[in-house]
Every structure is written in C-alpha cells, then in structure tokens.
Amino acid sequence: MERAEAYGFSGAMSGAFLLSSLLFAAVSRRQRGPYMDEVFHVPQAQAYCHGRFLQWDPMITTLPGLYLLSVGVVKPAAWLLGWTGSVVCSVGMLRFINLLFSAGNFYLLYLLLFKIHQKNKAASGFQRILSALTLAVFPTLYFFTFLYYTDPGSVFFTLFSYLMCLYGNHKTSALLGFCGFMFRQTNIVWTVFCAGNVIAEKLNEAWKIELQKKKDEKISSRKGSFSDLSRVLQFLVEYLLSPKNLVTLTALTWPYIVLVSLFFVFVFVNGGIVVGDRSSHEACLHFPQLFYFLSFTVFFSFPHLLTPTKIRKFLLSLRKHPVQYSLITVMSLLLIWKFTYVHKYLLADNRHYTFYVWRKVFQRHELVKYLLVPFYIFAGWSFADTLKSKSIFWILMYFVCLLAVTVPQKLLEFRYFILPFLIYRLNIPFLSLYRQLLELAFYILVNAVTFYLFLNRTFQWENNDEVQRFMW
C-alpha cells in the first residue's frame with residue numbers, strides 16, 4: 001500500500017467510524033431496550049456475563065458464538081476500566097460489539113479488494129478505498145451494526161476466513177470458518193466456498209493444460225458459454241475421478257474437510273442444523289429464493305448490472321440463443337409454480353420491509369410471480385456476465401454455494417443475502433469512478449431513509465403498548 005493510499009484509507013475508515021458512532025448514539029437514545037430479536041440475544045448474553053453458561057433460551061436458533069465473544073470482550077474491558085453494575089453487558093455495551101465488528105469488516109473488505117484485484121494495474125488506490133467504503137455501508141448489513149444481532153460478527157469471521165484462504169493460510173482460514181459457524185450455522189457453506197477456491201484454482205490449471213494439448217482455441221477456461229459447458233463438466237468428472245487428483249486436492253483442503261466433517265457430526269448429534277426453535281425454521285426446496293436474491297442484487301448493484309450496454313447485450317443474446325432461453329423460461333415457471341413457499345412470518349410481521357415487498361408486489365395478483373420471470377432471466381444473465389472474468393470452475397463453485405445458502409430457506413429474509421452478495425460484489429471488476437460514486441450515493445440514500453423510518457416513523461399494534469419500528 002502506497003503512503004497516499006494508506007493515508008486515504010485511514011481517513012476514510014476513521015471518518016466512517018466517527019459517523020457510525022454518532023448514529024450509534026442516536027439509535028441507542030431512541031431505542032434503549034432490546035428490539036426484535038434482541039429480546040432473545042441480549043438476555044442470553046447477559047446470562048453468560050453472570051456466569052450462567054448452562055442457561056439457554058430455546059427460541060434462539062444459532063450457536064452461542066456472539067455471546068461468548070461478547071463476554072470475552074466486555075468482561076476484560078469492564079475490569080480494566082473499573083466498570084461495575086448494570087453498565088457491564090448492558091444493551092448499549094453489547095451493541096457496541098457490532099460497531100467494532102463493522103470497523104473490522106471495513107478493513108477486511110479493503111484487504112480482500114486489494115488481494116482479489118491485485119493483477120488489475122488500472123485500479124487505483126482511490127477506487128479500492130471507495131469500493132471498500134461502499135460495501136462497508138451496504139444497507140442491509142450496515143443497519144444491524146446498531147443492534148445486537150449476529151450479522152456483523154458472522155460477516156467478519158467469514159470475510160476473514162476468505163482472506164486467509166486467498167493468502168494460502170488454510171488452517172487459519174478453517175479456524176476462522178469455525179468461528180463464523182459459531183455465529184450462524186449456514187456459514188459452513190462459505191467454508192466449502194473457501195475449499196472450492198483452492199479446488200477451482202487447480203482445476204483451472206489442469207483445464208488450461210488440457211486445452212493446450214488439444215490446441216483447441218475455440219474453448220476458453222474463462223467463457224462458460226452453453227456450448228462449452230458440457231465439455232467442461234465432462235473434464236470436471238474425469239479430473240475428480242482420478243485417485244491421484246483426489247489425493248492432491250485432499251492434501252490441499254484437509255483443514256476445510258475436517259471442519260465440514262465436524263459440521264455433519266453436529267447435525268447428526270443435534271438432529272438438524274437449527275438450534276432451539278425449529279418449528280419456524282424448516283428447510284425446504286425454495287428455488288424462487290434464487291430469483292429473489294438476483295432481484296436483490298440487481299437493486300443494490302444497478303450501476304453494475306442495469307446499464308443500457310448490458311440490456312443491449314442481453315437482447316442480442318436472446319436473439320442468438322432462443323431455444324436455450326425458452327428452456328430456461330419454462331424451467332423457471334415450473335420452479336415458481338411448484339416450489340414457492342410463503343412463511344407465516346412474512347405475512348404476519350409488518351415491521352420488516354419484506355412484508356411490504358410481498359404485499360405490494362407478489363400479492364397484487366396470482367400471475368405477478370410468473371410475469372417477473374423475464375426480469376429474473378435478465379438479472380441472472382447480467383449477474384453471470386459480470387463474473388465472466390472468473391474461471392468457469394470458480395463460477396460453478398460459487399453458484400453451488402449460492403444455491404446451498406439460499407434455496408433451503410423457507411423465509412424470505414434479506415439478511416440471508418448479505419454474504420453471497422458481498423462475495424459476488426468483491427469479485428466483479430471495478431466500475432468507472434462515476435458509477436462507483438453513484439453506487440455509494442445510492443447506499444447512503446437507502447441508509448438515510450432506513451434510519452429515518454426506524455427512528456421517527458414508529459407505530460403501535462392493537463392491544464400492545466410497545467413501540468414498533470420499521471427495519472430490514
């Protein structure tokens with residue numbers, strides 16, 4: 001990192017932390033008590049603060065990573081500073097843990113952008129800082145910086161694990177992946193993703209050698225068009241069926257294999273992936289979740305995905321491959337018809353934005369969910385088009401992880417999209433400075449509206465005196 005870039009990054013990070021601290025103070029003043037899921041998280045952390053480690057709220061569905069880390073930070077800090085009484089492990093003190101995670105996420109995002117795009121000599125230090133700042137204030141994640149939720153810590157350990165994987169420190173990466181798993185069980189998918197990075201790299205090397213042997217210039221390891229896909233899959237099967245190759249890959253990825261094995265032991269002993277209340281967190285094949293994720297990604301990455309150039313390229317692709325797109329359309333319609341699920345929370349809780357998205361869009365008419373298919377197809381094409389700089393094996397690996405982390409979820413919940421979005425956004429090329437600034441401005445606007453609604457547009461339910469607030 002050059003000195004000017006180091007100063008710029010330090011200034012951006014310090015400024016962001018200062019503004020976040022001021023916003024944190026405003027949120028804490030307006031909402032002093034636990035809100036929403038904090039009603040479960042805060043008392044559980046406070047029980048751990050008082051040494052009651054066997055106490056557990058059966059409504060909590062995640063492992064106790066957040067509470068253990070909170071106690072590990074707050075108790076030593078209280079001892080050093082001489083704090084006593086209710087201030088130790090208070091709601092504000094526990095929420096402050098996520099403010100620290102937010103600063104850590106900013107730093108990790110910058111380091112990941114630097115590592116992933118290090119071969120891109122055209123990318124300036126200012127662009128890297130700007131992209132890191134933009135992702136650090138990504139609205140769905142940034143909002144939960146100010147509440148005691150698992151999301152900031154879950155993202156922190158997953159990004160840290162990914163960074164160590166890219167630097168080849170796989171044992172450290174697996175250990176950090178375990179920490180991420182302790183915050184949210186589905187993070188095991190991103191451990192598989194880290195292992196997949198290693199495997200994709202080896203596959204890409206072997207694929208290039210294969211192409212050189214055949215001297216076939218028509219097939220590229222970086223294209224992944226419809227005509228190439230079958231040959232790539234054939235090569236993939238042949239490579240993975242070789243015992244020598246399997247031994248090599250196992251030797252490279254054994255820390256991740258150990259962690260995934262421990263995960264399966266946990267699932268067997270626990271009787272499922274969910275801890276605590278399972279009645280509201282049943283796994284299912286909810287394939288339209290992929291379409292919702294693509295729509296979510298287009299919304300938050302419109303400077304990348306929704307451009308006149310991309311629309312023209314998509315229409316040209318439609319004209320060139322009408323049969324393939326017809327099959328995709330039919331398949332999408334079938335998946336929506338047979339695999340659409342509506343969770344009871346989605347219909348009942350009017351504090352979440354998803355409640356209004358569902359009511360205002362999908363419940364307008366039974367046909368709306370089918371009429372959106374052309375948009376889903378464009379979103380999927382544009383999404384894949386921005387990843388064309390990655391190898392076909394990386395894309396396949398990411399797509400498998402994306403399916404694994406979204407499709408089993410019955411509830412439409414924007415928080416579930418945070419990590420797959422960030423991984424995607426980190427790996428696409430830098431845009432022009434104008435589009436990067438447009439993206440940052442859009443995120444700031446969405447955050448401003450979100451916090452305005454949360455802090456000022458309160459409401460109450462019938463027969464309930466508690467103040468309710470709008471949120472993600």
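Cβ atoms here come from the backbone N, Cα and C positions, even for glycine.
Sequence annotations record features per position, and here TrEMBL assigns transmembrane segment to 6-27, 60-81, 93-114, 126-149, 254-275, 287-305, 325-346, 367-384, 390-407, 440-459.
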Handout entry: For the transmembrane segment (390-407): best-contacting stretch of 60-81, 93-114, 254-275, 287-305, 440-459, by Cβ pairs under 8 Å
Key = 287-305
Completion exercise
Ranked by Cβ pairs within a distance under 8 Å of the transmembrane segment (367-384), the first of 6-27, 93-114, 126-149, 287-305, 325-346 is 287-305
Problem - Ranked first among 6-27, 126-149, 325-346 for CB pairs under 8 angstroms with the transmembrane segment (440-459) - result: 126-149
Problem - Cβ-Cβ under 8 Å with the transmembrane segment (60-81): same-chain residues at least 6 beyond its ends - result: 40-41, 44-45, 48-49, 87-89, 93-94, 97, 100, 148, 150, 153, 179-185, 274-278, 281
